[in-house]
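If you check TrEMBL, you get these features:
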BINDING   B:T155, B:K181, B:T192, B:E276, B:N399, B:T404  substrate binding site
ACT_SITE  B:T192  active site, nucleophile
Number of protein chains: 2
Amino acid sequence: MADNQFQLPAGFSAGGVYSGVKSDTSKLDLALVVSDRPASAVGVYTQNLVKAAPVQLDRERTPSDRVRAVVINSGCANACTGQRGRQDAERVTAHVAEALSGAEGVAPEQVLMMSTGVIGEHLSIDKLAAGIPQVVADLGTDAPAVERASRAIMTTDTVPKVRSRTVEIGGRSITVTGVAKGAAMIGPNMATMLAVVMTDAPVTPADAQAALSDSVVESFNCISVDGHMSTNDTVLLMANGAAGGEAFEGRDLALFRATLLEVCEDLAIAIPADGEGATHLITVEVHGCATRDDAIRIGKTIADSPLVKTAITGADPNWGRIVSAAGYAGVPFDPEEVALLINGMLVYEKGTPVEFDEKAVSDSIAGSRDTLLLLLLGEGQATARFWTTDLTAEYVRLNADYRT
Amino acid sequence: MADNQFQLPAGFSAGGVYSGVKSDTSKLDLALVVSDRPASAVGVYTQNLVKAAPVQLDRERTPSDRVRAVVINSGCANACTGQRGRQDAERVTAHVAEALSGAEGVAPEQVLMMSTGVIGEHLSIDKLAAGIPQVVADLGTDAPAVERASRAIMTTDTVPKVRSRTVEIGGRSITVTGVAKGAAMIGPNMATMLAVVMTDAPVTPADAQAALSDSVVESFNCISVDGHMSTNDTVLLMANGAAGGEAFEGRDLALFRATLLEVCEDLAIAIPADGEGATHLITVEVHGCATRDDAIRIGKTIADSPLVKTAITGADPNWGRIVSAAGYAGVPFDPEEVALLINGMLVYEKGTPVEFDEKAVSDSIAGSRDTLLLLLLGEGQATARFWTTDLTAEYVRLNADYRT
C-alpha cells in the first residue's frame with residue numbers, strides 16, 4: 001500500500017473493524033464509508049437473476065441525491081436468504097443510520113449496503129449491530145483509515161485494492177478514490193466483486209449514473225477470473241460535491257467521466273491481477289472488429305477458455321487454442337484475415353502458421369506475470385481489452401479442497 | 001471392450017493401423033471405415049468459424065447418396081493450414097479411393113475424411129499414402145477390427161469408444177454402430193470430438209440428415225469437458241441399406257431415429273466420462289423450463305462453471321455455486337421457485353436454504369464417479385440433460401505442462 005499514493009475526496013471518511021462475522025479474529029470484516037453531506041449515489045449491479053438481499057436493497061435506494069453512507073460486511077453474502085435476508089439488510093442500514101445521526105438525523109434509506117462471503121447463510125445481526133458503533137468510532141480521513149476499510153471487504157483477496165486520482169477540473173481540485181475486492185467471481189464459497197468509488201466532484205444523480213454505467217462497461221465488465229457471475233456484484237459511486245461549485249456539465253463532465261473510467265479500470269485490473277492461484281495477468285486486446293460489442297465478445301471468449309488459460313500457465317505459445325476460441329465467440333469474421341501476436345511476437349497470420357521462435361515466446365510468457373495476447377481481425381475499426389488470469393492447479397485446489 | 005457387445009452393420013468393414021503420424025509407435029493413428037456399396041452419408045460439423053480442412057471437404061461432399069468410406073487420422077488436425085491443408089485432405093481421399101477401387105471404381109468424392117490432433121501442422125502425406133494400403137488390408141468385420149479403428153482415432157482418450165444397438169424394424173434386423181473419440185473439446189494441443197455412425201438401415205440422405213441433426217442436438221451438443229469448441233468437431237452417419245428393403249418411412253423411420261439417438265447419446269456420454277483428469281461424470285438435469293432451449297442453456301451454464309466443477313471435485317455440496325450459475329444463464333425464471341437436488345437429496349427450495357445432511361451429500365459425491373444435479377424450475381414443462389466432467393488439478397497439469 002505504501003507505494004500507492006491515495007487520499008480520500010473531501011467530505012468522506014472511512015473505517016474498518018472486526019465484528020466477528022469471519023471466524024479468523026486477525027481479520028477485519030466490517031467497513032464503513034461516510035460522506036459528511038448528502039451525495040449523489042448510483043449503482044451498477046449483478047445481472048444474475050439470483051440477487052443477494054443487499055443488491056435488492058441498493059437497487060431500490062439508487063439513484064439518489066441524498067445517500068450518506070455505505071456499510072459493507074465480508075464473510076457472509078446474505079444471498080439466497082429469502083425474506084429474512086431482506087429484513088436483515090434493512091436492519092443493518094438502520095443501525096448505521098442511528099449510529100451516524102447527529103443533529104440533522106440520518107434516515108435508513110440514506111444508507112446502502114454491500115455483502116460478500118458465504119452464500120445461503122444468514123447475517124449475524126447481533127455481531128454487526130455491536131460492530132457498527134465501533135466502525136463509526138474508527139472513521140478517519142487518512143490513508144490508514146482507507147486501508148482498513150479496503151481490508152475489511154476482502155475475502156480471498158491477498159492484497160487490499162485502493163486506487164485514486166486527483167485532477168483539476170473547472171478550476172477545482174477533484175479527487176476520485178475507489179476501494180474494491182475480488183479474487184474470483186466467486187471464490188472458495190466466497191463471493192463477488194465489490195467496489196465503492198467516492199468523489200468530491202459535483203455531479204447530478206443522472207450524470208453520475210450515466211458515467212458509472214459507461215465506466216463499468218469498459219472496466220469491471222471486461223475482467224474475469226472464472227466467468228462465474230456472482231449474486232452480489234456491485235459497484236457504487238458516491239459524489240458529494242464537497243469540492244464546491246455547480247454540478248459539472250459539458251467539458252468538465254467529460255473530464256470527470258474520463259477520470260472515473262481511469263479509476264474503475266485501475267480497480268478492475270487489480271482483481272484478475274490478484275486472481276485465486278493465478279500466476280499470470282492476461283490482457284486480451286482485440287482489434288479490427290466491426291463493433292465494440294464484437295470485440296468484447298471475442299476477448300471474453302478467449303479469456304474464459306480453460307485451454308487458453310492453461311496454455312499461459314504452462315508458458316506454451318499454443319496459438320491454435322487462441323484462434324479457435326475466437327472462432328466460437330459467435331461473431332462473424334473471415335478466418336483468413338486473422339493475425340495473432342503473443343507478447344508482441346507474430347505467431348499466426350492470414351489463416352496459416354507463421355515461422356516464429358517458440359522458445360522466445362515461451363520465455364517471454366514464463367518470465368513475466370503479464371501476458372499480452374493481441375488479435376487482429378479485418379472486419380472494421382472497433383477494439384476492446386479484456387483482462388483475465390491463467391488457470392492453475394492452485395485455483396482448483398483452492399476451490400475443490402475448500403469445504404462448506 | 002469385452003463387456004461391450006457390438007457388431008458392425010451388414011456391408012461395413014473397419015480397420016486401424018499405425019502410419020507414423022503419431023510419434024509413439026505403440027499407438028494406432030489411421031482408421032478406415034468402408035461400406036461395400038454406396039451409402040447415404042450426412043454430417044454435423046463444428047460451428048467454429050475456424051474450420052479444419054477435412055471439415056471443409058466433408059461439408060462439400062455431404063449430404064450424399066453414394067459415399068463409400070471415411071478415413072480418419074489422429075495426431076494432426078490439419079486445421080489452420082490454409083490452401084495446402086485443403087489439397088492435402090483431397091489427396092488423402094484420392095489415395096483411399098484408388099486403394100479401394102475394384103472393378104466398379106471408387107471416386108475421391110465418395111470418400112470423407114476426419115482429422116484430430118495438433119492444430120497448425122501439415123499432414124504427413126507420404127506417411128498416410130504408405131499407410132492407406134495397409135489399413136485397406138487390415139479391414140475386417142469382427143469386433144477386433146472395429147476396436148482397431150476406434151483406437152486409431154484416439155488422442156488423449158484413455159479408452160476406445162464403440163457403442164452399438166440392434167433392433168427389429170419393419171421385419172428387418174437393423175444395426176447402428178458408432179465409434180467416437182474425445183476427452184477434451186481440445187486436449188493438450190490435441191483436438192476434437194469425432195464420431196462416425198454406421199447403419200445398414202435403408203434411409204434417404206434427407207431423412208438421414210434430419211435424424212442425425214436432431215440426434216446431435218440431444219447428445220453431442222449436450223456434453224462438455226471445458227467448453228472449448230474445436231475446429232474439427234464432426235459427426236458422420238453412413239446408412240448403406242444393406243439390411244434390405246425400401247427406405248424407411250413413418251413409424252419405421254421414427255424407430256430408426258430413436259435407435260440412432262440412443263447410440264449417439266451412449267457415445268456422447270462416453271466422452272466426458274473419459275474427460276481429461278476427470279474424477280466425476282456430472283449429469284445436470286434441468287426440469288420445469290418454458291422451452292427446451294432454456295433448459296439446455298441453463299444446463300450448459302451450470303456444466304461450464306469452473307466453480308461448480310471444482311465443488312464436485314472436492315465433494316462439496318456447495319449449492320450456492322449451482323443456483324448462482326443458473327442465475328446467469330440468460331434465461332428468465334423466478335428464483336423463488338427454484339429447487340435443487342444433489343444425488344437425490346434436496347438442498348435448496350423456494351429461494352431459501354434447506355436443512356440437509358451435508359455429510360451424506362458429500363459422501364454420496366465422494367463415493368461415486370457419477371454425480372446427479374437436478375434443478376427444478378417453475379416456468380413450464382421442458383427438460384434437458386447435460387453431461388460434463390469435474391475440474392481437477394490433473395486437468396490443469398495435462399493442459400499446462402504439455403508443450404507444443
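Cβ from N, Cα, C; glycine included.
TrEMBL entries are annotated by machine, without manual review.
Positions of the features from TrEMBL, shown on the structure.
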| residue | record | DSSP class |
| --- | --- | --- |
| B:T155 | substrate binding site | coil |
| B:K181 | substrate binding site | strand |
| B:E276 | substrate binding site | coil |
| B:N399 | substrate binding site | helix |
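All chains included, 30 other C-beta atoms sit within 10 angstroms of the C-beta of B:N399 (substrate binding site). Using a CB-CB cutoff of under 8 Å against chain A, the binding-site residues that qualify from B:T155, B:K181, B:E276, B:N399 are B:N399.
The number of other CB atoms found within 10 A of the CB of B:E276 (substrate binding site), across every protein chain shown, is 24. Residue density at B:T155 (substrate binding site): 25 other Cβ atoms are found within 10 A of its Cβ, drawing on all protein chains shown. Other Cβ atoms within 10 Å of the Cβ of B:K181 (substrate binding site) number 29 in total over all chains.
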